[in-house]
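Heads up: the structure comes next, in structure tokens.
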Amino acid sequence: MQVATTKQALIDALLHHKSVGLVPTMGALHSGHASLVKAARAENDTVVASIFVNPLQFEALGDCDDYRNYPRQLDADLALLEEAGVDIVFAPDVEEMYPGGLPLVWARTGSIGTKLEGASRPGHFDGVATVVAKLFNLVRPDRAYFGQKDAQQVAVIRRLVADLDIPVEIRPVPIIRGADGLAESSRNQRLSADQRAQALVLPQVLSGLQRRKAAGEALDIQGARDTLASADGVRLDHLEIVDPATLEPLEIDGLLTQPALVVGAIFVGPVRLIDNIEL
């Protein structure tokens, strides 16, 4: 496995490669990331993974505790990626990605990036889209792999490549969950055992809505919100039933008769967790 820390080293490493699959990450890797690599490995001659904690997608452009406290464990991440079968790792520092300071030209995500997660984290998806566009330009992948846990990110990236005519196929990969049902996330490392137990109310509420839909029962989204809002140690950010492509909230009057996604975010202590499930 090659490790490139500069753009030029990455470009050199990619010379003469055939089909390329890209797995963009911010490090602090877990089994969910390994599943992305597995999917990329099955469809491409060469698999590239990036590790970069992107300040542009954090509050105050990284001048915040969430960015400073984000887990960084490069040696462990490299070991996981090598075992998973990655060929090339791109692990630049901030100066390499943004030489001379923050970029003047950004990818602006408009309405799809300002609702749900974007409403709670203004500018987040502009930062995501900007760094992903840079990675696409550097790697020139045939396919790129993203976890379905970040459903809005997948929708934003799909729109990015469609609107800017970037020739890459976007491949969402299903959510990986722990034995207790909690969606795998790098932020889970910051939960105590008690906080992890409290966080389980989110996947439980989501799966409850899914069961009601499968049984042909009416969905009580407000009741689901109330359950989350009243749970011990939990603060509700949002819970919505949305169109899977546009993420526009769906007005549910009785039974749900169209494909939909229920997306939610909660705080457990200082840790913000997201999850979603198909209905």
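Cβ from N, Cα, C; glycine included.
Under 8 Å, Cβ to Cβ, and six or more positions away along its own chain, H33 (active site, proton donor) finds V23, T25, A49, L80, A84, G147. DSSP classifies H33 (active site, proton donor) as helix under the three-state reduction. Here Swiss-Prot flags H33 as active site, proton donor.
Taking the Cβ of L29 (ATP binding site) as reference, residues of its chain lying under 8 Å away and at least six apart in sequence are, in sequence order, I51, A76, D77, L80, L81, S186. Positions annotated as ATP binding site by Swiss-Prot: 26-33, 147-150, I176, 184-187.
Under DSSP, Q153 ((R)-pantoate binding site) is assigned to a helix (H, G or I) in the three-state scheme. Taking Cβ-Cβ distances under 8 Å and a sequence gap of 6 or more within the same chain, the neighbours of Q153 ((R)-pantoate binding site) are E117, F125, V128, F146. Residues or ranges marked as (R)-pantoate binding site in Swiss-Prot: Q57, Q153.
Summarising the annotation, Swiss-Prot assigns beta-alanine binding site to Q57. Cβ environment of Q57 ((R)-pantoate binding site): R121, G123, H124, F125, D126, G127, V128, V131 lie under 8 Å away, each six or more residues apart in the same chain. Secondary structure from DSSP puts Q57 ((R)-pantoate binding site) in a helix.
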